[in-house]
Amino acid sequence: MHQPAPSPLVVFDLDGTLVDTAPDLIDTLNGLLVREGMASVPFDEARRFIGGGARLLIERGLSAHGRASGPADIDRLYAVYVDDYAARIAALSRPFPGLEDALDSLAGLGCRFAVCTNKLERLSVKLLEALGLAGRFPVICGQDTFAVMKPHPEALLGTIAAAAGSPAATVMVGDSATDIATAKAAGVPVVAVDFGYTEVPVARFDPDRVISRYADLPAAVAELLGLRAG
Ligand SMILES: O=C(O)COP(=O)(O)O
Ligand SMILES: [Mg+2]
């Protein structure tokens, strides 16, 4: 007896992929820096600090001011950051254009959806709930869901398992070198969006596809997984 093949799964990164969170992340970081007696980091510079989780964002913010920081400093600032960010979670953050239509088309191809992010799980759920998107993603895994975070492949493989999917029937969608490395290590094809947060153009990391707008995602996923409409 053959097991029925698991339905195709699309696993999305969150910051810079599903949602343009940079304004709220950067306002939170800059609020923290100003209270510590430092200047704000310019938006375009701070945007490139996103992608490795909040701790790294704070470390990069401090080192932009030439401030060396020990783990105790980061721990203290991180606790404040998480509360401040939670309070403004979707003040300015919005889904990238065309996302919902692309999800509708992908659902029409039989795809299910999950999130694998380096944001804390509870903040990820809160953000997607605030934007009315949580119902689209029955599985939302964050940096603290598993013992490891991206780029460790187990973060993605754990997300796929939680969604009762199979790596062979999954596509990852992300905006950063971290996402591409994670997918490659897990043996999962990856579509990179080029409108997210990265210092180096994503094409440089050799993803399977690069898209510049969500309208192009359904065809890319269909091609990578050999899906047909209907
Ligand atoms: O907030 C971050 O720095 C990371 O988030 P992401 O994994 O959803 O890009
Ligand atoms: Mg990202």
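In case you wondered, yes, glycine gets a Cβ from its N, Cα and C as well.
Note that the structure is predicted; figures quoted are calculated from it, not measured.
All protein chains considered, the CB of Asp13 (active site, nucleophile) has 30 other CB atoms within 10 Å. Residues annotated as active site, nucleophile in TrEMBL: Asp13.
Here the Cβ of Asp175 (Mg(2+) binding site) has 25 other Cβ atoms within 10 Å, regardless of which shown protein chain they belong to. Taken from TrEMBL, the feature Mg(2+) binding site applies to Asp13, Asp15, Asp175.
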Under 8 Å by Cβ from Asp15 (Mg(2+) binding site), counting only residues of that chain that are 6 or more apart: Thr21, Ala22, Leu25, Ile50, Gly51, Thr117, Asn118, Lys119, Asp175, Gly196, Tyr197
